[in-house]
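Taken straight from TrEMBL:
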- ASN108, HIS113, GLU118: oxalate binding site (BINDING)
- HIS111, HIS113, GLU118, HIS157: Mn(2+) binding site (BINDING)
- CYS36-CYS51: disulfide bond (DISULFID)
- 63-211: domain 'Cupin type-1' (DOMAIN)
- 1-26: signal peptide (SIGNAL)
Amino acid sequence: MKTKSSSFLITLFSFFFLLAITPCLAADPDMLQDLCVADLNSTVKVNGFACKANVTEDDFFFTGLASPGATNNTMGSLVTGANVEKIPGLNTLGVSMSRIDYAPNGLNPPHTHPRATEMIFVLYGTLDVGFITTANKLITKNITKGDTFVFPRGLVHFQKNNGDAPAAVIAAFNSQLPGTQSIAVTLFAALPPVPDHVLTKAFQIGTNEVQKIKSRLAPKTR
């Protein structure tokens with residue numbers, strides 16, 4: 001018969017064992033084979049993508065980060081992703097990258113990556129960057145060419161080019177598909193829409209202001 005003492009020790013050991021392995025579960029799952037190149041056309045639903053049978057070198061190749069992206073848009077910035085949707089060979093590897101270009105005064109607006117920590121390296125230019133902790137503390141820094149900055153997983157963060165010249169960074173993620181939720185677009189341009197009464201109460205503004213913001217963030221139709 002088990003004593004209360006031995007039961008307690010077993011429970012305590014189980015708790016610390018689970019606590020120890022939790023960090024291992026915080027990113028993409030580990031791969032179980034050499035390759036699992038994503039079959040982006042498969043209808044099979046799995047956590048990630050199903051593996052395709054015929055693999056080529058092009059599944060591991062991408063040229064999209066070599067050239068600056070067009071920043072002639074409302075925010076004055078452009079993110080070019082190099083994730084599993086662009087490089088199928090990244091499936092199950094738990095990494096991806098992107099390039100972010102900023103026009104003078106350009107902004108990569110406040111957003112989060114629910115599945116990854118982000119690390120950026122400045123190619124050129126100067127940026128004001130920052131993230132906000134769950135204690136509502138702003139951690140901010142001015143960074144320039146050759147500098148690196150880290151945005152912890154899931155925290156709201158931004159980058160702003162306050163200079164009079166273009167800027168660009170390369171970003172690295174510990175996920176094949178980190179996901180992005182832009183705060184303003186998520187709240188004011190969701191489909192179906194977030195009810196006005198939720199937004200008016202949350203932001204302490206009137207319905208007219210909510211409608212004005214929604215109209216500015218609504219997808220542009222051609």
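Cβ coordinates come from backbone N, Cα and C, glycine included.
Note that TrEMBL annotation is computational and uncurated.
Per Cα geometry, GLU118 is the residue among the recorded positions CYS36, CYS51, GLU118 nearest to HIS111 (Mn(2+) binding site). With every protein chain in view, the residue among the binding-site residues HIS111, HIS113 whose Cβ has the most Cβ partners within 10 Å turns out to be HIS113. Cβ neighbours within 10 Å of GLU118 (oxalate binding site), excluding its own Cβ and spanning all shown chains: 23. Over the domain 'Cupin type-1' (63-211) the predicted model carries a mean pLDDT of 97. Cα spacing between CYS51 (disulfide bond) and HIS113 (oxalate binding site): 25 Å, rounded to the nearest whole number. The separation of HIS157 (Mn(2+) binding site) from GLU118 (oxalate binding site), Cα to Cα, is 10 Å. Distance between Cα atoms for HIS113 (oxalate binding site) and CYS36 (disulfide bond): 24 Å, as a whole number.
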